[in-house]
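Written out below as structure tokens is the structure these notes cover.
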Amino acid sequence: MSEGGTTIEYTPTWVVAVVCSVIVLISLVAERILHFFGKYLKKKNQKPLFEALQKIKEELMLLGFISLLLTVFQDRIAKICISEDLANQWLPCKEKKEVTTEHFQTLFSSFLPNGNGRRLLAEPADFTAYCTTKGKVPLLSTTALHHLHIFIFVLAVVHVTFSALTIVFGSTKIHQWKNWEDYAKDMEDDPEGVVKTKITQVQEHDFIKGRFLGIGKNSEIQGWVYSFFKQFYGSVTKSDYITLRLGFIMTHCRGNPKFNFHNYMMRALEADFKKVVGISWYLWAFVVIFLLLNFVGWHTYFWIAFIPFILLLAVGTKLEHIITQLAQEVAERHMVVTGELVVQPSDNHFWFNRPRLVLRLIHIILFQNSFEMAFFAWIWVQYGFNSCMMGQVRFIIPRLVIGVFVQFVCSYSTLPLYAFVTQMGSSYKKAIFEEHIQEGLVGWARKARKKNKGSGFKRSSNESSQVGPKEESPLVFEMHKVNGKESSSSAV
């Protein structure tokens, strides 16, 4: 037998078989659950959500690969030696010998023979002796490596769970707007409204009265302050929805006044979910930076809680202010309009003229908040509530309050605002078409591009005059352009 524990050479075969059977059974059950859930989504024609499920599987596969690397190279990592002076720099806690081991022994003493408190992972004594003979210490012990392994797993699970909960609660909020969609359609179908020529007093319109705060620098400041508080109560009103819906239809779907804006908005949100649920490279970089700066005295675990909090307030305020800007533009240009009041969607209202940037920020908000909650749970379970890494109570309570606040506001306010306001950009998303139409148009556009590459632009220019109206011809190619932009943004 080895000094660090019994090897598989001297382990009963029935023990090996039972342990392997349990692990394989749990894995198969989890795989079957994901498989049947995927089949259910495909049966319900929920392709965006199905793609989000595939994204979750990719993240799980990445976690499995990380686990494999940690397991395979743990012995080699433990044999990397560094000087003791270097090992004592940038510690998360002031060095106290055997503190972690005592907690570990207390937690698992009931499962270990003779109560001798062996480590969960076998850490042969020769690893420590290997570095001690050189007057050095191991770079990372196998026990610390095992704890890091658990933290990465907890982080991914919490992030996927929190993202899913945010989408579910946000979608529930957006479904409440379905009544406004039905009301807008009923108004369009009203025969009396079609016959009469309507004159709209701009200043008397509900949308303008609720959003227009006057002209000048003071009104600009008031607009930002109003937008900041508006995100917490009644972030989207009935007049907001009806007016912005009409602006979208008149800009992008003029030939289809009965366009179902609500269904389009839900399809676009479902398509964005697969981007939110993933963990991009820059998010992993954030994890590494936090682990680097989380040394004693800096209270990094406390200050990091304010990053998603500040970003959330900034994004919510900006989205509300875009609605205010749309009202401002109309009120400054017109006193009276013939027909309904129509706003003009534009990318100029968004940061750097990029509506998609808002989704990236929401992604960062959700991940950082998940990271904060996962780190708290991991420390509590792994080292105990009194661990120095947990911090003082005066730091813990604000972290938890901020985490719950961010999750709640992002679910019920920021995400629905994003789904609604980002449709006020200069272009539309491919979700504007039903799924079967999307596939047909994208396929047609790809074939057209291949033909253009083979025959040149002369043939395409000659055929363009035979396609039909100007508004319909570029639609297919615009669809392919939108699809290309979204695929490239997801790759980044």
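Note that Cβ sites are derived from N, Cα and C of the backbone, with glycine treated the same way.
Residues or ranges marked as compositional bias 'Polar residues' in TrEMBL: 458-467. According to TrEMBL, the region 'Disordered' annotation covers 450-475. Annotated transmembrane segment per TrEMBL: 14-38, 148-169, 276-295, 301-319, 357-380, 400-421, in sequence order.
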### Query
Of the stretches 14-38, 276-295, 301-319, 357-380, 400-421, which racks up the most C-beta pairs under 8 Å with the transmembrane segment (148-169)?
357-380
### Task
Answer yes if the transmembrane segment (301-319) and the transmembrane segment (400-421) have at least three CB pairs under 8 Å among residue pairs 6 or more apart in sequence, and no otherwise.
yes
### Distal contacts, the transmembrane segment (276-295) - CB-CB under 8 A, six or more residues away
52, 55-56, 58-59, 62, 90-92, 155-156, 159-160, 163-164, 166-167, 301, 304, 359, 362-364, 366-368, 371, 389, 492
### Query
In the same chain, which residue numbers or ranges, 6 or more beyond the ends of the transmembrane segment (14-38), come under 8 angstroms Cβ to Cβ?
8, 50, 53-54, 56-57
